[in-house]
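*Asks:* So Swiss-Prot says this about it:
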{"type": "COMPBIAS", "residues": "861-877", "note": "compositional bias 'Pro residues'"}
{"type": "MOD_RES", "residues": "97", "note": "phosphoserine"}
{"type": "MOD_RES", "residues": "273", "note": "phosphoserine"}
{"type": "MOD_RES", "residues": "276", "note": "phosphoserine"}
{"type": "MOD_RES", "residues": "291", "note": "phosphoserine"}
{"type": "MOD_RES", "residues": "347", "note": "phosphoserine"}
{"type": "MOD_RES", "residues": "435", "note": "phosphoserine"}
{"type": "MOD_RES", "residues": "538", "note": "phosphotyrosine"}
{"type": "MOD_RES", "residues": "575", "note": "phosphoserine"}
{"type": "MOD_RES", "residues": "580", "note": "phosphoserine"}
{"type": "MOD_RES", "residues": "601", "note": "phosphoserine"}
{"type": "MOD_RES", "residues": "722", "note": "phosphoserine"}
{"type": "MOD_RES", "residues": "796", "note": "phosphoserine"}
{"type": "MOD_RES", "residues": "810", "note": "phosphoserine"}
{"type": "MOD_RES", "residues": "823", "note": "phosphotyrosine"}
{"type": "MOD_RES", "residues": "1134", "note": "phosphotyrosine"}
{"type": "REGION", "residues": "2-836", "note": "region 'N-terminal globular head'"}
{"type": "REGION", "residues": "168-208", "note": "region 'Talin-interaction'"}
{"type": "REGION", "residues": "259-590", "note": "region '3 X 112 AA tandem repeats'"}
{"type": "REGION", "residues": "742-765", "note": "region 'Interaction with ACTN4'"}
{"type": "REGION", "residues": "837-879", "note": "region 'Linker (Pro-rich)'"}
{"type": "REGION", "residues": "858-888", "note": "region 'Disordered'"}
{"type": "REGION", "residues": "880-1135", "note": "region 'C-terminal tail'"}
{"type": "REGION", "residues": "1004-1047", "note": "region 'Facilitates phospholipid membrane insertion'"}
{"type": "REGION", "residues": "1121-1135", "note": "region 'Facilitates phospholipid membrane insertion'"}
{"type": "REPEAT", "residues": "481-590", "note": "repeat '3'"}
């Protein structure tokens, strides 16, 4: 099957596929219509010459290369493409003498398919060899990084730096060239991110090595911390380079592998957090006098939170046990806290409950450890299999290979057996074990032949190829087993989870592999995490909302399982669940915004205080104690920043890339924090040491840069206006605290309150500054900048007034001056917030008072008569709009029920938007802008009520034909998104709807359902044409958008579309060559279909994201833009 993970391969295969598609259509016309096939000797001769040239270049490369794998894999590709070319030549010769020859037509179609497949194989083999060149450079850097461990003198360090630099430069250049060549955006991003991390870590590595050498040679204190810093940096760089090597070898986006890696890291982190909190939690449970809500109880809540995260990453019985235990222990902890709050902490009931919670925490920890161990074992085995199979392939390619290759295969089989033993599905386990037996027998036979010196015989070569294929199949089976051991994955961002949940709520009877319920569980889990840091009634309120959603979800799932998912009771439950989810979402976002406002009000003070403690003079009192305290504060602060950022990613309005950016920055912060503390401790123990100071500054700046990046991403993830509202409310509360402090003569409390106000005001200035930099709208920039300047001028006077009143807190005059300063800050904050308010539309003036109207009994003058002899023509009747009825099922007709149901839904959607009189949609005034603030139609004309947006082509959706359901589901998903908007005056929506309908048609054609090869090829071309239109229009919108962030998002999404649509044309041609053919294996045909399905899903998802981003960009359009799109909701938000 063709792969096109590089632009070069795609650019070569596209014209080949285009020519093949012409031959396929000719074949079909001859086969179906009986048409004579024209003389093809000239074009076939051209193809033969091109193929001969390709094979010649390939053979020359094979003769000169030292790459054994290239030497092994190229000859079969040569044979394949040459045989295909021979068939084409024979077909052309036979058709020249008999244009109606049936065998010639068969040779034509088989030769065409072979040319496309063989060319793809040749190009892929060449590309893999190029990748291996890059990997060799990467592995050279990896090996040289280990040399850092033996560098112990400054001379060695200088030599090491000189040698490492050129290799790094070469690797960076090769990676940059490679990422530009890739067509998968995810792979490009991963390569760029990993390479950037390696570049950023290089000066840190040199700094860490320098401080290690310095402390070791001077025999100063801190050598242990220096060693930790150096080893951490080497390990981090090695991990990133290994990730580069892994991504370089990918030809498709492996979401499961990426998810498994992140899940393993998350489980390990959760387990470490549980272990660190366990003693504190148990101490609180043992002490009946401990206060409810203090650090001990919070430790229990955090343990349950971390265990819950692990439970969410498990499946089946393991998941139920962990989450069930968490819920039970949470309820029991509530009971213990309640008893202690009532002064009954020492009662037998409270003591018993506390002991049960303590024992339960041990049980829960053991369950989490088992889950983490199982996932890690399966993931490690999977990675080990990949490495061993890679080494085994080299052995299989070398006829004279030694016994080590056989050992690699045996090792891979042993790892695969471990995965099989951990499988919950017996069918999956037996399938893997069966493959192990087959591969073991084949390997033994091949090893015997090689021991006899017959490794180069045709039999041995065939066996080597057979073993290589079987190993690849085994790897696929083990990868699938690891993926299936994890639960259905919900989207990483809030809107994605809501959409997945909504799809399931709308149709709970459809099997979505549990994704919809997983999305709801994910939302509820985030709700619990937010509640854990809240106090009193706020926590109970959020927990109650979570429990309500849980309860309704379970009830709806139960009805669906009993086959009553469409019953009136189920529909009522679905409506309640929708409302409860909306309520939960709003409450979670409110709580998260408040937490971000509090935690991110000041991100750098703790690390600055740590720097002050680390540079304290040697004779400073309590120097060590102060440092330890500030180091602990810094670590706690960093942990809070990370936890809050994760909540913002999960509950905010961020897109997938922002969420992943937050997760990456949080991970980096967690890794860097202990390294910063180690660097600070080295400086503390080596006062005046310049190398120690420079190293600490390097680590500190890296931490600050990462946190600034995290802060920016968090700000992107939440609504700016909501953050400003929350900050304004927090400043009001701080002012109230200051009033209390002045009334109670508490200067320290006053200073704390004033400091908090200043920090929050500065945070607002930072947010405003970022938004000004992000916008190109001059009016908005001027308004925000003016309000920010005014706020900036109020901060210093307030701080000065606070200092004055703290020095003489009883002075009423000073108190009044301070409060006036505080209120001035509040007023300035309000003006900043108002600058972010969307402009209200200018409403028409109200009608005049009826009493002022002058009404008389005088009749209006008669109309002038028509010119003599003319008769007015009768008014023609309005064109009758037909609502075609959906075809009913005939008696005895066997239909595809899911397909019929999907088509009925689309038909009903079409009828909703009919403007036919009497239709309920027409009565509510479809076409009127639904949003009260008119945000969705800024700058666009409001359509008339009578405007018709009916689309009869929706009824062309297939009804009873066999279809490919995944492609249809992708088309429906895009169609649902597009039908939220009227297509009148909006070419993007019109093109998106066309694409959805065309893709639904393709879903019928790919299985050969009453369609033709020509129809399939033409359908793909039409989809590509509509794709180009969507891309062109999206780029026009991006050009006029004043919001840089939204513009970038839109361009990133829409630029994926042309590549995917080109691939769709090629894959459709491949599939067309297989339709109606009996000499194609089921496996080959299914593989072609799977690739087509995956491509269709990617295309529909990219267009859907483009529609959303284009709508967001249209709100921020230039006022002088000549290019406009009209965004009018068809379904008002209030319905």
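From the backbone N, Cα and C atoms, a Cβ is placed for every residue, glycine too.
Are these features on the surface or tucked inside, and what touches them?
*Replies:* Long-range Cβ neighbours of residue 97 (phosphoserine) (same chain, at least 6 residues apart, Cβ-Cβ under 8 Å): none.
DSSP assigns residue 273 (phosphoserine) to a helix in the three-state reduction. Around residue 273 (phosphoserine), the same-chain residues at least 6 positions away in sequence with a Cβ under 8 Å from its Cβ are 302, 303, 306.
Long-range neighbours of residue 291 (phosphoserine) (same chain, six or more residues apart, CB within less than 8 Å of its CB): 340.
Every protein chain considered, the tally of other Cβ atoms within 10 Å of the Cβ of residue 347 (phosphoserine) stands at 14.
According to DSSP, residue 435 (phosphoserine) is assigned to a helical segment.
According to DSSP, residue 538 (phosphotyrosine) is assigned to a helical segment. In sequence order, 531, 591 are the residues near residue 538 (phosphotyrosine), counting only same-chain partners six or more apart with C-beta under 8 A.
Cβ environment of residue 575 (phosphoserine): no same-chain residue six or more positions apart lies under 8 Å away.
Less than 8 angstroms from the CB of residue 580 (phosphoserine) sit 545, 548, 549, 552, each of them six or more residues away in the same chain. DSSP gives residue 580 (phosphoserine) a helix state.
Counting Cβ atoms from all protein chains shown, residue 601 (phosphoserine) has 20 others lying within 10 Å of its own Cβ.
In sequence order, 589, 590, 593 are the residues of the chain that are 6 or more apart from residue 722 (phosphoserine) and have a CB within less than 8 Å of its CB.
Around the Cβ of residue 796 (phosphoserine), a 10 Å sphere holds 11 further Cβ atoms from the protein chains shown. Secondary structure at residue 796 (phosphoserine), as computed by DSSP, is helix.
Close to residue 810 (phosphoserine) in the fold, though at least 6 residues off in sequence, lie 745, each with a CB less than 8 Å from its CB. DSSP gives residue 810 (phosphoserine) a coil state; it is part of no helix or strand.
Less than 8 angstroms from the CB of residue 823 (phosphotyrosine) sit 735, each of them six or more residues away in the same chain.
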*Asks:* Near residue 435 (phosphoserine), how many other Cβ atoms are within 10 Å of its Cβ?
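*Replies:* Counting Cβ neighbours of residue 435 (phosphoserine) within 10 Å gives 21.
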*Asks:* Taking Cα atoms as reference points, rank the modified residues 276, 347, 435, 796 by distance from residue 601 (phosphoserine) and give the first.
*Replies:* 796
*Asks:* Compare the Cα of residue 435 (phosphoserine) against each of the modified residues 276, 347, 796 and report the nearest.
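*Replies:* Minimum Cα distance from residue 435 (phosphoserine) across 276, 347, 796 lands on 276.
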*Asks:* Provide, as an integer number of angstrom, the distance between the C-alpha atoms of residue 796 (phosphoserine) and residue 347 (phosphoserine).
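*Replies:* That separation, Cα to Cα, works out to 54 Å.
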*Asks:* Express the distance between the Cα positions of residue 276 (phosphoserine) and residue 347 (phosphoserine) as a whole number of Å.
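*Replies:* Residue 276 (phosphoserine) to residue 347 (phosphoserine), Cα-Cα distance: 29 Å.
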*Asks:* Counting by DSSP, what is the helix, strand and coil composition of the region 'Facilitates phospholipid membrane insertion' (1004-1047)?
*Replies:* 34 helix, 2 strand, 8 coil
